[in-house]
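Here the structure comes first, spelled out in structure tokens, and everything after it is commentary.
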Amino acid sequence: MKQSVIIVAGGKGLRMGSDLPKQFLPVGGKPVLMHTLEAFRKYDAMLQIILVLPREQQDFWKQLCEEHHFSVEHLVADGGETRFHSVKNGLALVQAPGLVGVHDGVRPFVTLEVIRRCYELAEQHKAVIPVVDVVETLRHLTDAGSETVSRTEYKLVQTPQVFEVELLKQAYGQEFTPFFTDDASVVEAMGVPVHLAEGNRENIKITTPFDLKIGSALL
């Protein structure tokens, strides 16, 4: 079955306090985004990789690829107004039938095992997302203040989120709403159940300077 991945990288680095978009910040001597693409190429040499970038960042990305002699083959699609529209633009380059994953460009530490697990389970379940346990205590805000909730009833969601191509294309044919916070929420809006797979704790989303320090330590 043909497999593809859409890697979404539309960050502007605001929480980093940097003028350089977070996906381009260096970790271990090269941009975060290059580590991410390499993780998926290691998973499958034939995997179709589609990188979604804002148009105004694409020339800079090409420059970085030349400077770092980056040779992982990939297509580039234009970023959209929101993540929803960016994924939709990437999907336009994916042909059915097959499986397609959607991954955050600033999650470079996803393991091969998690990638493989999500794609394999998607062959059976059609919609799969990686999750990890909540280890912190959670509180629910109420009109009266707040209250403790059982963390065993919650999971932290990661990427790649993997789906049948036809299913995800149909889901992204829906009208956008702010409640679409990830691809699973878009699919669930059609009443399709989403299967949970075990993720990896190191698969953090690099969005703050502290995350960069963690990333450097992981390398």
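One is the number of the first residue shown, and numbering goes on along the chain from there.
Including glycine, each Cβ sits where the backbone N, Cα and C put it.
Record features (Swiss-Prot):
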- ARG15: site 'Transition state stabilizer' (SITE)
- LYS22: site 'Transition state stabilizer' (SITE)
- ARG151: site 'Positions MEP for the nucleophilic attack' (SITE)
- LYS205: site 'Positions MEP for the nucleophilic attack' (SITE)
Check: Looking only at Cβ atoms, how many others are within 10 Å of the one on ARG151 (site 'Positions MEP for the nucleophilic attack')?
Finding: 13
Notebook entry, point to check: Around LYS205 (site 'Positions MEP for the nucleophilic attack'), how many other C-beta atoms are within 10 angstroms of its C-beta?
Noted result: 16
Next item on the list: Taking only the Cα atoms, work out how far LYS205 (site 'Positions MEP for the nucleophilic attack') lies from LYS22 (site 'Transition state stabilizer'), in Å, as a whole number.
Entry: 10
Check: Just the number: how many Å between the Cα atoms of ARG151 (site 'Positions MEP for the nucleophilic attack') and LYS22 (site 'Transition state stabilizer')?
Finding: 30
Next item on the list: Let me know how many other Cβ atoms fall within 10 Å of the Cβ of LYS22 (site 'Transition state stabilizer').
Entry: 25
